[in-house]
Every structure is written in structure tokens, then in C-alpha cells.
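The structure appears below as C-alpha cells.
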């Protein structure tokens, strides 16, 4: 199935989903190591078997990752390599997904109740807005298909809604600073203790200066995961979740809390 899709001159959204599932063997949401090398090998073989040249995007991709053991790509990168249908591809090229800060602002717009989740209807509106900003419209059937596929692609725990970290897979890997914070998340008890420690004036929220102090300490303790030189970027992106400069516990928990365990 994947071979025939890789030979197509135009890959539909549902075919793209099937290709992704085929190669993301461990369901991590990323292709790396053997998964990535399998993709490169099968892509080259499929195109050759069909008598097709690699497209310029495919050649660049093979040159960049073919000889690397440490390569890692997400859904966004693959969507740019394969000849994916235009409207679906636009979802990965929109301005709101060019940087983590813009992504956080977009998240805040749609997670209106600060629940930490975007549910099906909210996701549908989010995708509709992205396409409209690119001056594209799709009918309700196609929009429902895209919404369903996005849930299948990103909803790793199959609860029918997307958490911030799941939704962030719409970002290119190099832009997704949330990946860095996966290794430094705290259990609920530790997070609450840290929040109260850095909420120095006890007003129930953390401001930019308090966040700066928290990030500096986190970087010092987790040098393998976090780069202290990137604090301005981390801070800008996290503060995009704030309410007028006030970063409440539930907002910061999206980044730093791993839950109650």
C-alpha cells in the first residue's frame, strides 16, 4: 500500500495518513533511526520501480537525511517532501505554525476555556481558519475529513481531543521547543511546589520576571535538555499562553506538568 502511494503524482490526505502510519512503527509521532532510513529506502525504490525521478524536494530530503543516524522528522517535514494535495499541505505551511510563539497564541485563541485541550469542533474551526487565511475554502465534507485525519495523526492517547503537546506536532521539529521540555516535566505535586516557589508575591500567577527565574533554574538543572541561551525564546513562547502577562497555574502546567503521578 505504501509503495503505490509513494509512486503517486498526487497524494491525498488519507493516503498521506496511511504512509505515515506505515513508517511510524513505534507510534511516537516522529520518524527517526531505522524508521527514517526505511522511508528513504522505500521512497527511492518505489519511484525507481515506477520509472519516476525523485522530485527536487525528495532529492533534498534524501541528501539531508540519507547518511545520518541522528535524523528526526515530524509530520510537517514529510508533508513538504511528498506531493500532497494542496489544501491539506497548506495546513502545514500557514503563518500560525511558523514559530512556537505564534502557535501558542493560536492555541490560546481556541482553548478558550483553558481546559488544556482542543476538541473536535474547536479543531475544525481552527483548520477552517487556517485555510481561510491562505485564501482557500473547502466544503464541509472535506473539512470533516481533514479534522478526522488530524485527530488520527496527532491524538496519541485516542481521547478524541488534542493536548498542547499533541497539537504542537503541527510545528516543524526544529521549531517545537515543547520537545525540549518533555524531559523536564514534573509530577503534579512537584509542579505545584515549584509554582508556589516562583510565584514570589503569592498572587496566583507568574509574571515574566518570575518565569525568567524559573527557566534559569530549570536550564541549570537540565543542561542536556535545555539551553540557557534560548531562555528568551522559551519565555516568549510560554508567555504567549498568558492572560495579559499573567501566567496562571493551568497554563504553565501545559508545559511543565506531567500530571498527578
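Counting begins at 1 with the first residue displayed.
Heads up, the Cβ atoms here are built off N, Cα and C, so glycines get one too.
Small disclaimer: the values here were computed from a predicted structure and weren't measured.
Here Swiss-Prot flags 2 as N-acetylalanine, drawing on experimental evidence. Per Swiss-Prot, the feature domain 'EF-hand 1' maps to 11-46. Summarising the annotation, Swiss-Prot assigns Ca(2+) 1 binding site to 24, 26, 28, 30, 35 and lists sequence analysis as the type of evidence. The feature domain 'EF-hand 2' is assigned by Swiss-Prot to 53-88. What Swiss-Prot lists as domain 'EF-hand 3' is 98-133. Sequence annotations record features per position, and here Swiss-Prot assigns Ca(2+) 2 binding site to 111, 113, 115, 122 based on sequence analysis. Among the features that Swiss-Prot reports, domain 'EF-hand 4' is placed at 142-177, with the record citing sequence analysis. Swiss-Prot lists 155, 157, 159, 161, 166 with the feature Ca(2+) 3 binding site. Residues or ranges marked as domain 'EF-hand 5' in Swiss-Prot: 186-221. Under the heading Ca(2+) 4 binding site, Swiss-Prot lists 199, 201, 203, 205, 210. Taken from Swiss-Prot, the feature domain 'EF-hand 6' applies to 226-251, supported by a curator's inference.
Distribution of Swiss-Prot features across the structure.
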residue: 2; record: N-acetylalanine; Cβ contacts under 8 Å, 6 or more apart: 18, 19, 22, 23, 42, 46
residue: 24; record: Ca(2+) 1 binding site; Cβ contacts under 8 Å, 6 or more apart: 30, 31, 35
residue: 28; record: Ca(2+) 1 binding site; Cβ contacts under 8 Å, 6 or more apart: none
residue: 113; record: Ca(2+) 2 binding site; Cβ contacts under 8 Å, 6 or more apart: none
residue: 122; record: Ca(2+) 2 binding site; Cβ contacts under 8 Å, 6 or more apart: 110, 111, 112
residue: 161; record: Ca(2+) 3 binding site; Cβ contacts under 8 Å, 6 or more apart: 117, 118, 119, 120, 123, 155
residue: 199; record: Ca(2+) 4 binding site; Cβ contacts under 8 Å, 6 or more apart: 205, 206, 210
residue: 201; record: Ca(2+) 4 binding site; Cβ contacts under 8 Å, 6 or more apart: none
residue: 203; record: Ca(2+) 4 binding site; Cβ contacts under 8 Å, 6 or more apart: none
By the DSSP assignment reduced to helix, strand and coil, which category contains residue 161 (Ca(2+) 3 binding site)? strand
When the domain 'EF-hand 3' (98-133) is classified with DSSP, how many of its residues are helical, how many are strand and how many are coil? 25 helix, 3 strand, 8 coil
From the Cα of residue 115 (Ca(2+) 2 binding site) across to the Cα of residue 157 (Ca(2+) 3 binding site), what is the distance in angstrom? 17
Find, for the listed binding-site residues 115, 157, the residue with the lowest Cβ contact count at a 10 Å cut-off, counting only other Cβ atoms. 157
What same-chain residues lie close to the domain 'EF-hand 4' (142-177): Cβ under 8 Å, and 6 or more beyond its ends? 13-14, 16-17, 20, 27, 29-30, 72-77, 87-88, 91-92, 97-100, 103, 107, 111, 116-120, 123-124, 127-128, 230, 233-234, 237, 254-255
Can you tell me whether DSSP puts residue 24 (Ca(2+) 1 binding site) in helix, strand or coil? coil
Using DSSP, would you call residue 155 (Ca(2+) 3 binding site) helix, strand or coil? coil
